[in-house]
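> According to TrEMBL, the protein carries these features:
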DOMAIN    5-383  domain 'Major facilitator superfamily (MFS) profile'
TRANSMEM  12-32  transmembrane segment
TRANSMEM  38-58  transmembrane segment
TRANSMEM  70-89  transmembrane segment
TRANSMEM  95-119  transmembrane segment
TRANSMEM  131-155  transmembrane segment
TRANSMEM  161-181  transmembrane segment
TRANSMEM  202-221  transmembrane segment
TRANSMEM  241-265  transmembrane segment
TRANSMEM  272-289  transmembrane segment
TRANSMEM  295-316  transmembrane segment
TRANSMEM  328-351  transmembrane segment
TRANSMEM  357-378  transmembrane segment
Amino acid sequence: MNKKRLTAAAYGHFSIDILNSSVAIILTLAAAHFNLSIAQIGFGAMMYQMFAAMSQPLFGGLTDKLNGRWIGAVGVLWTAVFFAAAAFMPAYPLFITLLMIGGLGSGAFHAAGMVNASAAGGVRAATATSYFFLGGQTGLALGPILAGFVIGSLGLAGMPLMALIAVPAIVLMFIHMNDALPAVPKSAAVEKQSGNARRTHAAAALLVTAFVLFILLRSGTAQGYATLLPKYYESVGFSPAQFGLMLGLFNFAGALGTLIGGYLGDRFNRRTIMIVASILSVPFAYAMLHVEGVGYVVVAILAGVLLSMPHSLLMVMSQELAPNRRGLAGGLVLGFIFASGSFMAWLEAIIAEQVGLLWVLSVVAFLPFFAGLVALALPSDRKAHPSTTQTPTPTPAAGD
């Protein structure tokens with residue numbers, strides 16, 4: 001495992017997702033200044049995510065052509081610059097436009113960073129990818145907390161200060177992610193698919209449909225909560241610092257979930273992990289809307305862990321399907337995760353204007369149950385028992 005490359009990618013993910021997860025908090029706190037409705041907050045968050053998401057396949061293809069060089073560092077730098085500049089815009093259209101343009105940098109980083117992290121792991125791609133997403137989820141956790149304190153205290157003028165957080169990661173990535181990507185050994189899943197090349201079109205269509213539906217349903221809850229929970233918690237009387245901490249706890253638990261999911265995914269059946277984690281997340285996600293204090297801490301941690309466990313597994317599965325176009329494949333899937341999640345959050349915001357936030361969020365909490373059922377149609381990948389890894393040929397289940 002190339003620890004320097006992986007560390008640079010994970011630190012970059014940490015930094016960019018601090019900025020990404022701040023957007024919903026910033027829009028919530030800017031609502032009074034710009035006179036924004038719930039639907040406008042959801043639309044602004046959706047457009048930021050859409051620019052980041054729709055550009056990822058493009059940057060993924062570019063990453064394949066450049067073999068992983070430079071793109072990640074330039075992407076984080078781009079987002080930080082536009083993030084800081086948006087603070088000085090006098091009107092909402094200019095403000096959200098600069099944020100959306102800055103989202104392109106997030107798209108560039110995620111496409112390149114994910115490929116660098118996976119390649120750094122070698123035969124332990126799921127574990128390495130989980131560390132990459134651990135960095136991102138930790139950033140997602142700290143972003144709302146920092147935004148709640150910094151933007152809550154300084155207003156939009158605090159955005160340039162938050163952008164400075166990205167500087168060390170940019171330097172580290174320019175140093176350790178500027179050389180060509182190493183070749184990735186074929187996993188057992190890829191070899192099995194190579195020998196199974198006669199898969200029917202109907203079976204392939206079913207696989208793609210299940211993959212898309214799983215992402216759509218899971219993202220509807222994850223991104224819907226990330227976008228709308230701040231407004232809901234504000235509406236029931238919590239301060240910016242309080243709901244920043246509450247959302248941060250949920251996101252930090254997600255960081256732990258990606259790590260656990262990646263660790264288990266290198267050792268056990270990925271499909272089983274995705275099914276069980278998705279279904280078990282439902283009661284805890286629902287309870288987040290109805291409990292406070294210690295009870296909230298418990299259910300937010302469990303919901304965050306379980307909802308995020310499939311994340312790194314989805315990325316590894318997508319890259320195994322196209323080992324020679326890792327950037328494009330990963331960019332397509334990660335881009336669709338962001339795009340579908342942001343669209344679902346916007347749709348949920350529109351419905352919430354008519355029926356109320358609590359009703360919508362309560363329904364959204366049950367979407368992962370259906371995602372778990374859909375995952376039954378995904379391919380199974382049985383792993384060798386970890387005790388069998390003391391062999392001359394490394395396998396995906398090999399220990400560190």
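Backbone N, Cα and C define each Cβ position, glycine as well.
For each feature listed, report its degree of burial, its nearest neighbours and the pertinent distances within the displayed model.
Long-range contacts of the transmembrane segment (12-32) within the same chain: residues 40-41, 44-45, 48, 52, 72-73, 75-76, 79-80, 83, 92, 95, 99, 102, 105-106, 109-110, 113, 117, 132-133, 135-144, 146-148, 151-152, 155-156, 159, 162-163, 165-166, 168-170, 172-173, 177, 226-227, 230-231, 234, 240, 244, 247, 251, each at least 6 residues beyond the stretch ends and with a Cβ under 8 Å from a Cβ of the stretch.
Within the chain carrying the transmembrane segment (202-221), a Cβ under 8 angstroms from the stretch's Cβ atoms is held by residues 274, 278, 281, 285, 307, 310, 314, 317, 333, 336-338, 340-341, 344-345, 348, 364-365, 367-368, 370-371, 374-375, 377-379, all 6 or more beyond its ends.
Counting same-chain residues at least six beyond the ends of the transmembrane segment (241-265), those with a Cβ under 8 angstroms from any Cβ of the stretch are 21, 25, 126-131, 133-138, 140-149, 152, 222, 225-226, 229-230, 233-234, 273, 277, 288, 296-297, 300-313, 316.
Here the transmembrane segment (328-351) has long-range neighbours at 38-39, 41-43, 45-50, 52-61, 63-64, 107, 110-111, 114-115, 118, 211-212, 215-216, 219-220, 222-224, 226-228, 314-315, 318-319, 321-322, 360-361, 364, meaning same-chain residues at least 6 beyond its ends whose C-beta is under 8 angstroms from one of its own.
With a threshold of 8 Å between CB atoms, the same-chain residues lying at least 6 positions outside the transmembrane segment (357-378) that come near it are 38, 206-207, 209-211, 213-214, 217-218, 220-221, 224-225, 228-229, 231-232, 235, 271, 274-279, 281-282, 285-286, 288-289, 306-307, 310, 317, 348, 351.
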> Tell me if the transmembrane segment (272-289) touches the transmembrane segment (161-181). I count contact as 3 or more CB pairs below 8 A, with pairs 6 or more residues apart.
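No, the transmembrane segment (161-181) does not contact the transmembrane segment (272-289).
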> Please give the sequence-distant neighbours of the transmembrane segment (95-119): residues at least 6 beyond its ends with Cβ less than 8 Å from one of its Cβ atoms.
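Here the qualifying positions are 2, 5-6, 8-10, 12-13, 16, 19-20, 23, 30, 34, 44, 47-60, 62-64, 68, 71-72, 74-83, 85-86, 89, 125, 128-129, 131-132, 156, 177, 181-182, 184, 315-316, 319, 326-327, 330-331, 334-335, 338.
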> With CB pairs under 8 Å as the measure, which of the listed stretches 38-58, 70-89, 131-155, 272-289 comes out on top against the transmembrane segment (295-316)?
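Comparing 38-58, 70-89, 131-155, 272-289: 272-289 has the most Cβ pairs near the transmembrane segment (295-316).
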> Could you tell me the mean pLDDT the prediction assigns to the domain 'Major facilitator superfamily (MFS) profile' (5-383)?
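So the average pLDDT across the domain 'Major facilitator superfamily (MFS) profile' (5-383) works out to 82.
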